[in-house]
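Chemist: This is the structure, below, for whatever I ask next.
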Amino acid sequence: MIRLLLTLVCVICSLVLAIAQSQLCKTTTTKGYEFYFENVLENTPVGSVLGVVDVIGNASHVTLVQDDGGASDRFRFDNETREVKVITGLNSDRGSDIILSFIIHCQIIGSQDRSDIKIYLVMVDFNDNPPVFSKTHYNVTVSEDVLVDTVIYRDVNATDNDKEYDGNSRVSYRVADSTNKLHKEYFKIDVPSRSDIKLARALDFETLSVLVIEIWAVDSPAPGRGTPLTATATLTVYVTDADDLNPQFTANSYRGVIDEDAPIGTVVQVVPKLLAKDGDALNATIIYRLLDQYNLFAINETTAEVRTLRNLYVDVPSLTVVVLAIQADNAERQWFTMLTISVTASNLNAPRFSADIYNVTKSELEPVGNVIVATMATDTDFRSITGTVIGYAIVESTDQFSIDQQGVIVLDTPLDYETWHRRTLHVTATDGSNTATATVIIDVVDVNDNNPLLFVDAVEIASERVNGKVVTSLRASDKDQADSLRFELRSYANLFAIRGIPQFSGSNLTWAEVYIRAEPVLLTRDKYSLLLCVIDSGQPPRESSVIIEVNFPPIVGPVTPLPGTTLGSTGSTRSTTEPVAAASVLVEKDNMLAIILGAVAGILLVIILILIAFIIWRNKRMREELNRARAPRGHSAKGLTYRQAETPDDLPKMDLSFQEETDDVSAYDGGTSVQENPLSDTGVNTGYYPSSGSSMDRDVGEINIETAIVPYDEDGYGYERKTPMYVNEEQQPYSGDDTVSNNSSHSDSTGGSRRGLVNSNPAEGGKLTSWDSDDNLHPQGAQKVNTKGSLASKKKERPEITVYF
């Protein structure tokens, strides 16, 4: 058994060595002769370690040599450490290969076999190129009657020199936030991937004839592959006028005055001057018409002068007529106004305002359309008629304010404290002949309506762990000029702080700097995100914020934080100070051959333990079977059981160990298997021996009885039977009821027998071989059994062996 186990171990070891030899020069990751470095960033620094080529076999098994071809000019393989390093700058931009490779020759020591391991390096583009517009400025002309959602321009185009079909080169477009708010709301880009610029709001040449917007082109790098880069171009939209407006009068209504005794053809003094213009910028010619139900006045269709047609002897103080303004080239474009003509005897007094100076204070958030101030003037000449003057006007030319014919000044465009704080207007009131003037002073109150602006040098900053070191500088400004600014740090305030620095002369910027306030040992992370805010002093306060990333060099060795602190997510140990590229390579440095041999040794140990357990179990089972065989079986007919009988003194005895005589006197073939002879003092099967070479061979522990055992009757020692018991030409065992059994070929302690205990009947009057009192067989006195089964004689002496069935 041990020799077999040793042979098995040798065979398995040889097999393992052969398998291990065949695995040399293969890589553990691919189980072949290729190795991949994936996700090698384009911006990987020179000298960075991409990873380890995990080849099966150490330096005592194989020799590795890098081939000079392929990408060997950019990557270097170290035969001792098996590391691959970057030795030159990498480039994966448009037109460059993204899969590089080189070969490592692997020579098995002590063998002529050589394999080539191909190393593949899959490049990943880094976003290092911003988009570039085909032009920095674009122009387009659009009619004001173009419908909303119409594409007005689609020739804006930007390209990115990063790798094609990658997020780094994918450009999206949008209207820049820096565009003038008033102009931005007119345009939109619905699909960012296309530069189709659509009209978002109806254009009006009379409101805005030129609009300028900025277009951003932004690329889309994947996480960890750079930050989005932006390019900017401008688009100028020139709006052309369309004939879409009716003529417009310069005032909503007009007033005129004339003496009641004025001669025919007298010109009516109209205030303000009756005038209409083309509502578009086409400057079409305007003609005037007068609708006068009294037929007292006529109008010049070109100059709009109103004259009397007859004497004005009327009983009313005033007359109202309708004046039409019609576009000469398009009669459908027309509008009207009301002209009220006051008839008076004379005009002796000038109008007078209720105050010479009107002081008004308004917030810069005053809504457009609100009343700024209501001026009022009276004229004693018209007291009996209306109690008011004919008309008001603002002397200064302005688009921000207007005055109606009741002297009410209205805000037309928003106020802005940052544009001007105080405005002075002069208002006139006239009755057609005489004019009065008043002054209106408007003061604008500043409102905190602008967020402060915060500027930083960069959003990602590299720094050292030095107490007091300045990380970056901050600058802030506010269009609300009266506001003061302050800075706040709202994250990691226990590690960093902000302090102000003197403001430069002539600058409206507020300066500050961020510095490290903590001891270096507390800076356990490699990266900190700082939330910086600037807040103005207005009511309510407004603020702006920005997040900057502060990067520290990696910590070498384990970091033990001080009490009350915890390690950051990146506060781990590093095994090398060399830069490591972000290549997704997992390698194991275990010796594959040692692993295989260890596994085989474990298998062999298991096999040996199983064999030892089997041997112990087999021996135990054999002992149990022998013990069961020795146990008494009762009186069943399944075998023979011996026991010591009470022997009378006069019974003859026979030594069963006398083999020769039993062979001579026995005419019986075969025997039966029994338990161990309990009558033997030594425990030896005295008188029994195993058979050999016959069909009646027994198992170990079984014995053959080669002596005739004959049942006896009550009167004698011989058992007569006229006819032998034969079944299938074989003699059958004796049983109490003379039945026949043929279940098995021999009997043992657990079953019956096809051989009979008595193979033939003794002859009538015949006796068994006799024993004397000394248990000795007397051959001379023994009578031999003949071949046909008859006994030569029968001696009436009872044997010591009793057979139970």
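Note that Cβ sites are derived from N, Cα and C of the backbone, with glycine treated the same way.
Automated prediction, rather than curation, is the source of TrEMBL annotations.
Just lifted these from TrEMBL, have a look:
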{"type": "COMPBIAS", "residues": "672-695", "note": "compositional bias 'Polar residues'"}
{"type": "COMPBIAS", "residues": "731-762", "note": "compositional bias 'Polar residues'"}
{"type": "DOMAIN", "residues": "134-249", "note": "domain 'Cadherin'"}
{"type": "DOMAIN", "residues": "250-353", "note": "domain 'Cadherin'"}
{"type": "DOMAIN", "residues": "354-454", "note": "domain 'Cadherin'"}
{"type": "REGION", "residues": "628-699", "note": "region 'Disordered'"}
{"type": "REGION", "residues": "731-805", "note": "region 'Disordered'"}
{"type": "SIGNAL", "residues": "1-20", "note": "signal peptide"}
{"type": "TRANSMEM", "residues": "592-617", "note": "transmembrane segment"}
Chemist: Give the nonlocal contacts of the transmembrane segment (592-617) in its own chain as ranges (CB under 8 Å, at least six residues past its ends).
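Modeler: Same-chain contacts beyond the ends: 1, 5, 8-9, 12-13, 16, 19-20, 23, 28, 56-58, 61.
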Chemist: Could you give the number of helix, strand and coil residues in the domain 'Cadherin' (250-353) as assigned by DSSP?
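Modeler: Breakdown, helix to coil: 0 helix, 52 strand, 52 coil.
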Chemist: How does the domain 'Cadherin' (134-249) divide up by DSSP, counting helix, then strand, then coil residues?
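Modeler: Taking each residue of the domain 'Cadherin' (134-249) in turn, the totals are 4 helix, 45 strand, 67 coil.
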Chemist: Could you break down the residues of the domain 'Cadherin' (354-454) into DSSP helix, strand and coil, giving a count for each?
Modeler: 3 helix, 46 strand, 52 coil
